[in-house]
């Protein structure tokens, strides 16, 4: 796929987030000229702050790094396929126990610089308010698709957009944390002292939960229907589900004994390193849509955070996605108009890694169509194939966003295995089955050594 410059096919991509950037990178690597449209800095969504591409607006964690977690398997697949996403993640990683977390600013800057420097990618910083009437297009406008573009996408897909809120967790300056109360440790001592832990007694916890239940929230727009995705549930919504929901969820204390007592507290608030210099820590699982004054008031009641300085307070934003099983084919093409591809969270995948994976595939599929080189589907036994299976084979009547998980993978044949053994066997099968597909589709990428299977400790 190396046509001369005058013969080079052209691809338009709308949206330069994780999916759009990865799609552009892959298509350009296969000799396609790409025009990548990004509305920042001309226009910002309610959740974005940086002019850089591929901005991480929720957590800075890319989740579990080991093979015992399906997202760890998917990351290794993307690593073996030489994705820009994994190059950036590995280059900007920060300590996070058994998870892979990144310095969010360095990560976005890495991707931005590589996109800007690629000779076949033209970055145009303007808001696309409609879809080009001609040519091959990838829509990767993300969960925060602009109000101007959304009606055009609704018309294209012939379906209503569904809205729910992804809530963003606060970030705290490390030197404002009281370490006479808080301490550093990872759960069960795995992965080093990568988390800061703030303990709560039963009375402190119950008071905290009650405060969350009665706190003022930011009101959503009248036309937005609130459908919360379980993986990014606001902490105040979890508190309303039951007094002990948080204690068995993001505030679970098991494996985190307080060094002052030697015993597990009743509940624990964990903070995870957010930048390379370890000056910023985000509150794990504390996505929220509380008003800013309420966040300061309530979160400063947490022992160890009484003097906390917030580098960023939590916020909420809309998530827009299409009914992929009804609208798209297996190659992420719009069934009613095969020149149109969709990629990223707007398709109904959920999470940073999944969005990048979807962009990776869309870029390959679009480039293949443009150059008359059909790109085969990845094996269903891989994380990549499992994601495509979710988008194409789920029931269209109750389709919802989904993180990658081993439940999406085909079951193993043969004898029954324990859960941990079964997951590792699925990962080994995925990486084994990926290789012939990778060699066929990405022949310019050299063979890589096997990746060791490890357990994950993603909190």
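Every residue, even glycine, has its Cβ placed from backbone N, Cα and C.
Residues or ranges marked as FAD binding site in Swiss-Prot (evidence: sequence analysis): 15, 16, 17, 18, 19, 20. Mapped onto three states, the DSSP output places residue 20 (FAD binding site) in helix.
Other residues of the chain with a Cβ within 8 Å of the Cβ centroid of 15, 16, 17, 18, 19, 20, the FAD site, are 13, 21, 22, 23, 53, 54, 140, 141, 142, 343, 344, 355, 359. In the structure as shown, the Cβ atom of residue 18 (FAD binding site) sits within 10 Å of 33 other Cβ atoms. The number of other Cβ atoms within 10 Å of the Cβ belonging to residue 19 (FAD binding site), over all protein chains shown, comes to 35. If you take the C-beta of residue 20 (FAD binding site) and look for same-chain residues 6 or more apart in sequence within under 8 angstroms, you find 13, 14, 36, 38, 53, 138, 140, 142, 343, 344, 359. Listed in sequence order, 37, 38, 139, 140, 141, 142, 344 are the same-chain residues six or more apart from residue 15 (FAD binding site) with CB atoms under 8 A from its CB.
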